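Taking it in order: structure first as structure tokens, then the write-up.
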Amino acid sequence: MRQVPVGTRLVLALAFVLVWGSSVQGYPARRARYQWVRCKPDGIFANCIEEKGPRFDLIAEESNVGPPMTDPVLMRGFPNDFFPISDDYSGSGSGSGSGSGSGSGSGSGSGSGSGSGSGSGSGSGSGSGSGSGSGSGSLADMEWEYQPTDENNIVYFNYGPFDRMLTEQNQEQPGDFII
């Protein structure tokens, strides 16, 4: 019988231990963290700040994206850090208008009989009107997205209002030609 060198036995034993050890431990847990962007626009600039929550383990059997802001670890770490955006930003407006008009008319008539007579008349009129209106608004159309990310820190941010995004997605690209 041929003898196996000692180095080969050592390599085989090490490979067996590594394969057996990895099958016993299972797959490594995936770690994730919630990341979000908070914006306070002031005219020209968006003034956005990227914020991160604590890390947590993703369970393979469950969905990797939970409902926003329902993770107890996240809520325990940052209980007073969130605010409704519509309280800070609101707007109002007003307007008025007026108008005027005029008109004129004339008429004449004659008649005969045992006597004779004639008549004429004229008239004019004018009118005016006015109106006003007011309104208010808030940034309620901003869509907040919270999503857990894996450890590679790949994050997709969406800075625009939700209704504007829907119309922009259906826009024709410069390369699209309609004949």
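Glycine is treated like the rest: Cβ placed from N, Cα and C.
Not measured: the values here are computed from a predicted model.
Annotated compositional bias 'Gly residues' per Swiss-Prot: 92-136, in sequence order.
Around the Cβ of CYS39 (disulfide bond), a 10 Å sphere holds 15 further Cβ atoms from the protein chains shown. Taken from Swiss-Prot, the feature disulfide bond covers CYS39-CYS48.
Annotation source Swiss-Prot lists O-linked glycosylation site at SER90 (among others), citing similarity to another entry.
The annotation O-linked glycosylation site is assigned in Swiss-Prot to SER92 (among others) on the grounds of similarity to another entry.
Per Swiss-Prot, the feature O-linked glycosylation site maps to SER96 (among others); the stated evidence is sequence analysis.
The O-linked glycosylation site annotation in Swiss-Prot covers SER98 (among others).
Feature annotation from Swiss-Prot assigns O-linked glycosylation site to SER100 (among others); the stated evidence is sequence analysis.
Taken from Swiss-Prot, the feature O-linked glycosylation site covers SER102 (among others), and the record attributes it to sequence analysis.
Among the features that Swiss-Prot reports, O-linked glycosylation site is placed at SER104 (among others).
The feature O-linked glycosylation site is assigned by Swiss-Prot to SER106 (among others).
Annotated region 'Disordered' per Swiss-Prot: 86-145, in sequence order.
What Swiss-Prot records for 90-137 is region '24 X 2 AA tandem repeats of S-G'.
Annotated signal peptide per Swiss-Prot: 1-26, in sequence order.
Following the DSSP three-state reduction, the secondary structure of CYS48 (disulfide bond) is strand.
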